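Peer 1: For 1-20, the entry in TrEMBL reads signal peptide. The feature domain 'Peptidase S8/S53' is assigned by TrEMBL to 159-406. Taken from TrEMBL, the feature active site, charge relay system applies to D168, H204, S361.
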Amino acid sequence: MQRILSILLILAVCATPVFADAIIGQDLQNAMNTERGELQVIVTLKKEAVVNAVRGADKAQILDILAQECAADQHFVKGLCEKLQGEGAISKITQFQMSNCIAIKATASAIQELALHNDIYTLSLDAPQVMINPIAGEDTRNTWGLNHIRASQNKGYKGSGVVVGVVDTGIQMNHPGFGAGQVIKNLCKSYVSGEPTANDGNGHGTHCAGTVVSPKYGVATAAKVFGVKVLGSSGSGTWEAVASGVEYAAKHADVISMSLGGTEGWSTNPVETAVANATKAGIVCSVAAGNSGSASGTVGTPGCQPDVVTVGAIAQGGGIASFSSRGPTNKGYIKPEVVAPGVNVMSLWINSGTRSISGTSMATPHVSGVLAVLLSANRNLSPAALKKILMSTAKGKKQKNVYGEGCVDVPNALGATFALMEMGVRGDMNTMRLEKEIEVDVVDGKAEFSKELYAPFSATIVGIECDVDCHAVANLNGKEVFNGDLVAGKKSDVKIKVKGGNNMVKGTGITKTKMTGKATLTVHISLW
């Protein structure tokens, strides 16, 4: 049967402001009042193309269709910008392919004219994005972080075949601390004005990349990495550069690692929208929570985006680092999901050196490395499945909006990954709705069956289907949990709690049919 590509793109329409001035952000309005010349502006459209459901599509197809949708949606506003460009009021236009935003460099008069058009939701000053500033650490020369997450207990899975994109200050591509061929030099790219090469002039990006893959200081030592420079040598950048870097990384990476951020802004900003759509396309994003301290609600963007894996930092004793940002987000999302070692972390540095520094920036690449390890064990794991595995197998202290579910742990996470594979389930790893078929022999309307289902974390059997019209009694670990009609081809309204461990599902007494032959029961399992 021909495989059909089905992608549903939902256009979310935002409310129309009553007055044109309402769509000019306050920061931009202030700049227009005080500065002369051109300003860097993000134009956000009312229509936002979001990948909502995907069947039979690979990453490249999803991103290509999303880019086409964005281009079509942006056509009219782009035309307005080009008209103003011809009049000398706009000097630069950058279209985004994973969000309905356009970056422009424009005069105040051009901004005011664009504000009159109903297709536009908001015009915002291109706010600065910065690396999560590291904190000087003690030069311990040890790799306690790798020991704490038990990185060496990887059962031979070291990230082989997995590519990680580090969106940061670039990478020293020829650093001798990387293994031969570990840095994919032809994929390294810069989006920083005035810094055309992706070589790292700061050190932050090289340190992060080293924690992901380097043979001595890395978690996933068989993975490959490339650097996307979106922050300059000073450690700062723009919405435009970061969003462009995420879009580029999404095309080439399996994991995106981002130890950067800014103040939580509007949820349709191009960076948050890009990481959201990258996740929906199948690329898992690991993002630093930030170093804004112990007050609640300090997680920045894009760490506040609900789909990404947001990472806090712990010290060597397992306690939360004092600088690690806390949740919840402005929209009430619990963040971070997990923590990782982030104090006195030794890794590579520019000028072929090494350095020990601290920060959630240092914790994040530990998690990026663990994600690469898990993907090398099972390439079918979706971002949702990967996040669930990390959270459900984390160890140590747990506290919402501080530690999340705890510290990531390599052997625990691999154990859950293998358990999913051993269940022999099929289904949608994005929604974590899985199926297990059990074939039973029916003799004169009676049958018995038993099947061991190992759930690596809490799960719920949400329905059972039978290919014959029948009635059944099912037992879970010796306790009757289902007694109702099973209608052929239809999902039954049944809920059975399955907890982690070896769970034997036993069924007896299939009745309501006198058939002799085989019947197939399909057990629907939700791993949420």
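One is the number of the first residue shown, and numbering goes on along the chain from there.
Each residue, glycine too, has its Cβ placed from N, Cα and C.
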Peer 1: Return one of helix, strand or coil for S361 (active site, charge relay system), based on DSSP.
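Peer 2: Note: S361 (active site, charge relay system) is helical by DSSP.
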Peer 1: Where H204 (active site, charge relay system) and S361 (active site, charge relay system) are concerned, what is their Cα separation in Å, rounded?
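Peer 2: Computed Cα spacing between H204 (active site, charge relay system) and S361 (active site, charge relay system) is 8 Å.
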Peer 1: Can you grab the distance from D168 (active site, charge relay system) over to S361 (active site, charge relay system)? Cα atoms, rounded to a whole Å.
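Peer 2: Distance (Cα to Cα, whole Å): 10 Å.
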Peer 1: State the mean pLDDT for the domain 'Peptidase S8/S53' (159-406).
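Peer 2: It averages 96.
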Peer 1: So if I draw a 10 Å sphere around the Cβ of S361 (active site, charge relay system), how many other Cβ atoms end up inside it?
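Peer 2: Excluding its own Cβ, the number within 10 Å is 32.
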Peer 1: Looking only at DSSP and grouping its letters into three states, which state does H204 (active site, charge relay system) belong to?
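Peer 2: DSSP call for H204 (active site, charge relay system): helix.
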Peer 1: Which residue, of the active-site residues D168, H204, has its CB surrounded by the fewest other CB atoms within 10 A?
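Peer 2: Taking D168, H204 as the active-site residues, the minimal 10 Å Cβ count falls on H204.
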